[in-house]
Amino acid sequence: MSLLLLLLLVSYYVGTLGTHTEIKRVAEEKVTLPCHHQLGLPEKDTLDIEWLLTDNEGNQKVVITYSSRHVYNNLTEEQKGRVAFASNFLAGDASLQIEPLKPSDEGRYTCKVKNSGRYVWSHVILKVLVRPSKPKCELEGELTEGSDLTLQCESSSGTEPIVYYWQRIREKEGEDERLPPKSRIDYNHPGRVLLQNLTMSYSGLYQCTAGNEAGKESCVVRVTVQYVQSIGMVAGAVTGIVAGALLIFLLVWLLIRRKDKERYEEEERPNEIREDAEAPKARLVKPSSSSSGSRSSRSGSSSTRSTANSASRSQRTLSTDAAPQPGLATQAYSLVGPEVRGSEPKKVHHANLTKAETTPSMIPSQSRAFQTV
């Protein structure tokens, strides 16, 4: 009798035992959290249904409720408009539907059904999985023969753990999809693969795939190994081009400088004074009239004082040594020419004086003395 009573109590308070379920779903999908009961009595208003969420930080909040024949499903801003009863909750199916899923929906859900003093509890653990974001493929190192190259691949978001896998993409028939034999995987950073001692056979497309329980994403990178000799040739060609350009520029600059120098010398040549140039020669001019003779005399006397002094001394010598004959006019000659500084007056010899005395007898008396111009 006591055993039968115990069984009745257990069946009456079945909700105190409850059930536990774990569900995993991918973000942006739809999920249904199960909750079933046999307490529905449509003719009575004592049925209450309530879903609670306890997040990973231990905070609890009400998701949806049914009470007094009304459904309340806009109780939280995070899940507003995304939660509802999946079926006829009055007939015994109080399952909860969430669409679309978000990472913030993850946690422990509790379904509590109460009617006329009877309770049913149901617990569901929901895990929301996030697909890996599209990874980024990068190369680190030199793409030359004999060098080492590191392939890097990483996703910025996604549910851990994320598994990375590198492989070659077959571009030609017969190519191997496996990594080269001299390749090493960094287990501390699974997205890194080291290719050692590169050769031309390492060239090609490499694909990295990042995956987890929710799905996978991939990226592709091309590896092109270059000859060391070809790089040296390119560097030499660039150096030669630069040197040639500099040489051409230097030649043009020198030509311009030379032309400027020649132009400057041509402009300065007329202004130069030569020290070895000959002085202008003196010439004797016979004046046509007395006025022109006087002007020439004044001009000659003012420009060549030293020559006039020399002529006066010569006249004094003639007057003392030989007196002029009466009736004959003596002629005095003056030198015409530029004044020469520092030059000594020429000496008059006795023979010249005698010749000077006899010369006037052959010239008419009306002739005048020649003056310098």
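Using the three backbone atoms N, Cα and C, a Cβ is placed for every residue, glycine included.
For 264-281, the entry in Swiss-Prot reads compositional bias 'Basic and acidic residues'.
Here Swiss-Prot flags 288-314 as compositional bias 'Low complexity'.
Annotated compositional bias 'Polar residues' per Swiss-Prot: 355-373, in sequence order.
All protein chains considered, the CB of Cys35 (disulfide bond) has 28 other CB atoms within 10 Å. According to Swiss-Prot, the feature disulfide bond maps to Cys35-Cys111 (among others), an assignment based on sequence analysis.
Remark: Cys208 (disulfide bond) has Pro135, Cys137, Leu151, Cys153, Tyr164, Tyr165, Trp166, Gly191, Ser218, Cys219, Val220, Val221 as non-local neighbours, by Cβ distance under 8 Å and separation of at least 6 in sequence. Per Swiss-Prot, disulfide bond is recorded for Cys153-Cys208 (among others).
Annotation source Swiss-Prot lists N-linked glycosylation site at Asn74 (among others), citing sequence analysis. Counted within 10 Å of its Cβ, the other Cβ atoms near Asn74 (N-linked glycosylation site) come to 11, all protein chains included. Look at Asn74 (N-linked glycosylation site): DSSP puts it in coil.
Positions annotated as N-linked glycosylation site by Swiss-Prot: Asn197 (among others). The Cβ of Asn197 (N-linked glycosylation site) lies under 8 Å from the Cβ of Gly146, Ser147, Asp148, Lys182, each of these being in the same chain and 6 or more residues away along the sequence. According to its DSSP assignment, Asn197 (N-linked glycosylation site) is coil.
Taken from Swiss-Prot, the feature region 'Disordered' covers 264-373.
Taken from Swiss-Prot, the feature signal peptide covers 1-18, and the record attributes it to sequence analysis.
The feature topological domain 'Cytoplasmic' is assigned by Swiss-Prot to 257-373, with sequence analysis given as support.
The transmembrane segment annotation in Swiss-Prot covers 236-256 and rests on sequence analysis.
All protein chains considered, the CB of Cys153 (disulfide bond) has 24 other CB atoms within 10 Å. The Cβ of Cys111 (disulfide bond) has Leu33, Cys35, Ile49, Glu50, Trp51, Ala94, Leu96, Val120, Trp121, Ser122, His123, Val124 as same-chain neighbours under 8 Å, each 6 or more residues away in sequence. DSSP assigns Cys35 (disulfide bond) to coil in the three-state reduction, placing it in neither a helix nor a strand.
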